[in-house]
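Have a look at the structure below before the remarks.
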Amino acid sequence: MPERLGPMMTKELRQGLRRGLFLYPFIGIQVFAIAAMAVEFQMNIDDIEKSTEFGGPLNFLMFFPGEMFSGPFWVVVGLICLVMMPLGGLMLMGQELEEGNHELLLMTPLSRWKVVRGKFLTLWGICLLTFSSLLPYAIVRYFIGGIDVGRNISLALTVVLGSGMIASGAIGASSFKGMIARIGVLGLFLGSMALSMMACLMSAGARTGGAGVFFHLNAYGIFFCYTVLGLAMARSRIRLVVHHYEVKPSWMIIGLLFFTPFVIGMAAAVTTGYAGFVGAIGMGFVAWYADVTPKAPSWVNAPVPNVPQPPQLPSVPEEGTGLSSDPE
């Protein structure tokens, strides 16, 4: 593997490919995609893709039966790339924390951000690689006729952005001990994300009458915010030292998950529904700097070590001082 991938990403890729993290879902999605295509060939085109003006990124309603349904093919894509594969991240941080490997990793030049970023890029990259293998099926669907290209691009963006956010949240939740705690933290993450999208995307769509420019900007802002929040959660859990006067870093990130929907909703309300992404980007930067490792300024000199001086040893007599070396 090339060195530019980084040590953590190389490590996770080797372990993931060895465990079948990529192989089995890859084979499964091909089988289910072929079955979904066979079902769509028997359906009416009006039942496969229903017209909607809100076909923008992060509109997960397009994956569910109803007024915005996009057909069985995208249901299969959503189940594999938005649910099954990202949730594999629930096991990633546990293997480092339970065995104490994170202490050894942080003794190397790797920082906490590099550790969690390597795991995230590996999981997200495997999701995107699997999704890219479905492009031939999408081309076949286009030649059937009646398929909206713009709508399918929006669905593809939803898969790309949504898999990144859910993978980030799963990695953050995996840093907690016990499956119940992990599921609870992941539920909090997904609930906060859903409320923020409702406050941000629905208001922008209502103001512009569809998925316009501000709808897309809000979607990208939500993606940045919750990707950083998930990684910040995992980063806060592998901090080696927490002083007694500091707030526990993971508690701060959990607090941000509670307050982020309110901040984004207020930003959307102040801008009459247009620019909720301003609050999302702001909360993303707050999470970025919420758990900064304290460092002394460059102009501060290192303290002098308070080490006691060794006792003075008696001097060895030199030759010619009158002492005889003869034992007699």
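From the backbone N, Cα and C atoms, a Cβ is placed for every residue, glycine too.
Note that TrEMBL annotation is computational and uncurated.
Positions annotated as transmembrane segment by TrEMBL: 21-39, 71-92, 120-140, 152-171, 183-204, 210-229, 250-268. What TrEMBL lists as region 'Disordered' is 303-328. According to TrEMBL, the compositional bias 'Pro residues' annotation covers 305-314.
Taken residue by residue, the compositional bias 'Pro residues' (305-314) breaks down under DSSP into 0 helix, 0 strand, 10 coil. Long-range contacts of the transmembrane segment (183-204) within the same chain: residues 56, 58-59, 90, 165-166, 169-170, 172-173, 176, 212, 214-215, 217-219, 221-222, 225-226, 229-230, 233, 254, 257-258, 260-261, 264-265, 268-269, 273-274, 276-277, 280, each at least 6 residues beyond the stretch ends and with a Cβ under 8 Å from a Cβ of the stretch. With a threshold of 8 Å between CB atoms, the same-chain residues lying at least 6 positions outside the transmembrane segment (250-268) that come near it are 172, 175, 185, 188-189, 192, 195-196, 199-200, 203-204, 218, 222, 225, 229, 232-233, 236-237, 274-280, 282-283, 286-287, 290-291.
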